[in-house]
Every structure is written in structure tokens, then in C-alpha cells.
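Peer 1: This is the structure I have questions about; it appears just below.
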């Protein structure tokens with residue numbers, strides 16, 4: 001199997017994973033228009049090639065919240081990562097730490113905070129949802145701090161779960177879902193042994209630690225469905241600040257007015273994100289939303305972006321549009337599913353190589369030199 005780009009990992013992951021898991025990661029909301037536009041809008045952005053600039057010295061490193069990153073990339077929070085490889089959160093975190101970038105742990109990870117944090121030699125980030133069960137939120141924050149987490153990623157674009165039609169077709173949800181998942185596992189023996197058997201326990205570790213009992217996939221779906229909180233407002237985030245005094249990033253911003261509100265609230269950063277096209281179909285792609293948001297709040301807080309990033313070239317595009325750092329989700333998850341920690345390591349090396357080529361050929365010797373002047377054409381131009 002030849003792996004030369006993240007798209008190769010996607011194809012290999014589709015062969016290796018049971019369909020319910022592949023499509024859970026790969027799918028989006030409703031008819032998946034936004035999911036597709038996340039990728040196509042980035043691809044339509046033309047870079048400005050510059051030559052003869054003596055690019056013998058090049059630096060991809062950047063600073064973010066008193067951390068030095070080897071490149072402006074972090075691994076995004078992805079629920080159920082531990083179902084894609086044996087103890088997947090640990091493997092992904094180790095690959096990220098070895099490359100000198102942050103790993104963001106999802107609230108709904110398979111491995112608990114206490115298993116992942118000691119496995120790496122740099123602080124990880126922790127992602128938290130807005131939930132009705134404030135006791136769980138408080139418990140998660142306390143455990144994150146105790147584990148040495150410095151940065152909180154607070155996801156605000158899930159007051160209700162998105163309508164993901166693919167999940168019903170694949171067996172992730174819907175009629176006879178449990179039976180279909182078992183049958184699919186039986187026809188994917190490599191995954192069934194490595195993850196299904198050797199990757200146990202299949203609890204949602206952070207939730208099980210709080211509830212005091214094993215929480216499997218069916219419980220995960222039911223518990224989350226009952227705990228999303230549509231009543232959340234900016235005032236509720238003040239409650240979070242009572243329990244978290246470190247850097248806080250608000251994830252799920254697509255509008256400049258919301259970005260300005262994040263500044264007023266005192267957020268340290270935002271993630272320009274449509275949840276990978278998994279929440280509301282028909283909203284702007286992150287690439288389309290980013291320039292106006294950067295114009296509104298650049299310099300007032302750190303701007304991160306995700307959704308649709310499939311290569312180091314896409315990272316350069318997002319930085320040129322106004323991001324300080326990007327998050328990658330599906331790309332690392334596919335690599336993890338195929339080759340575990342080694343796959344994520346290789347993917348990050350591919351991203352770095354692609355970034356270096358793009359920077360050399362656009363004349364940017366450092367991340368700070370990647371600006372809108374690096375673009376020939378922005379979206380809609």
C-alpha cells in the first residue's frame with residue numbers, strides 16, 4: 001500500500017474499518033453540502049508563487065498560549081478515537097507530542113484523561129461540551145487540571161445533535177444498529193481483533209469515571225442525546241471561568257459578531273469551525289467564514305480554524321486567510337485507523353513536507369510571513 005497523501009489514508013481506512021465507524025467519521029449533516037464545501041472551497045484558493053528569494057532558511061514553528069509548536073497544527077478533538085485503533089487516544093497523543101504539537105482530547109473519548117496525560121511529555125488540551133449535567137462538567141474540569149491540562153477547548157456549536165443521515169444507513173444508529181455493528185465487525189477481522197478484543201475496555205472513559213459504571217456505545221448515544229443544552233448563552237460561560245483559569249478557546253465560531261462577543265467574554269482564542277460539516281448543513285465553509293472573522297478580531301485573541309484541511313497546503317491557505325493555527329481531525333483519524341501511532345506520525349511528516357514546499361514557492365520564510373499577500377485569489381474573487 002502506497003501512502004503519499006492523507007487521501008490515501010482515507011481510502012485505506014474505508015477498507016479496514018467496519019462501515020459504521022468509517023461513515024461516522026467520514027459523514028456530515030443532512031445532504032453534506034457543507035462537508036463538501038469545506039474541502040472544495042479551500043481547494044479553490046490560489047496561492048501567489050514567488051521565486052528567487054533565497055529560501056535556504058525556513059521555520060515552521062510558532063508560539064501559542066506560551067507553547068512552542070513545531071508547526072501551526074494541533075490534533076482536533078474527535079469523539080470515539082479509541083474505537084479507530086487500540087487505545088487510540090494514547091497513540092494519537094504520543095504521535096502529536098513527538099512531533100511537537102498539541103493533542104486535544106475529546107469529552108467523549110474512549111481512554112480517560114488519566115490514561116492519556118501520563119503517556120506524553122507535554123500538556124495536552126481538553127475539549128468540553130456544554131451539557132445539562134453541570135456536575136459532570138465540573139468534574140471533567142477538575143480532573144483535567146489535576147492531569148496537567150493547560151488549555152481548554154470549549155465547544156459551543158452542539159446545543160443539539162446534528163442530523164447525520166449516514167449514521168442510520170451505516171448502522172451507527174437506527175433500527176437494528178447493535179446487530180448490524182456486530183455483523184460488520186465479524187467481516188473486518190483485523191479491526192475486530194486489534195480494537196474490538198485487544199482494545200478493551202470500550203467505555204467512554206471520561207464519562208464512566210464520573211458515572212461510576214461502564215458506558216458503552218449505546219449509553220453514549222443516549223446520554224449525550226439527553227444532555228446537550230439548548231439553553232446555553234454567553235452568561236453560562238462565566239460559570240466555566242469559575243473553574244478554569246487557563247487559556248480557553250471557544251470552538252464553533254462562524255460569524256464575526258460571535259467572534260467579537262468571544263473577545264468581550266475574555267476568551268483567549270476561537271476556532272472558526274462548522275464542526276467538520278457535521279452540525280448544520282448549508283452554513284459557510286470555514287474557509288469562507290475565516291477572512292471576515294480575522295478582519296474583526298485578529299490581534300484581540302488567537303484564531304484557530306478547522307474543517308476541510310486535508311494537507312499541508314491547506315494549512316498554508318488557512319494561515320493566509322487569517323488563522324494563527326489549524327486543527328486537523330478526519331485526516332489524523334484515518335491515519336490512526338490504518339497504522340496507529342506510526343500512521344499519525346507519518347501524516348504529520350507529510351503535512352510538514354507539504355507546508356515547506358508551499359512556503360518555499362510562495363516566498364514565506366516563517367509562519368508570520370504567510371499573509372493574504374500570499375494569495376492570488378481568495379474565495380469569490
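Cβ coordinates are placed from backbone N, Cα and C, and glycine is handled just like the others.
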Peer 1: Quick check: of 94, 164, 241, 317, which does Swiss-Prot put in the same substrate site as 24, 129, 278?
Peer 2: 164
Peer 1: Within a 10 Å radius of its Cβ, which of these binding-site residues (318, 326) has the fewest neighbouring Cβ atoms?
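Peer 2: Per-residue Cβ counts within 10 Å for the binding-site residues 318, 326 bottom out at 326.
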Peer 1: Relative to the Cα of residue 322 (FMN binding site), which of the recorded positions 129, 275, 278 has the closest Cα?
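Peer 2: For residue 322 (FMN binding site), the spatially nearest of the recorded positions is 275.
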Peer 1: Express the predicted model's confidence over the domain 'FMN hydroxy acid dehydrogenase' (1-380) as a mean pLDDT, rounded to an integer.
Peer 2: 94
Peer 1: Return one of helix, strand or coil for residue 275 (active site, proton acceptor), based on DSSP.
Peer 2: helix
Peer 1: Compute all pairwise C-alpha distances among 24, 129, 164, 278, the residues listed as binding substrate, and give the largest one in whole angstrom.
Peer 2: 19
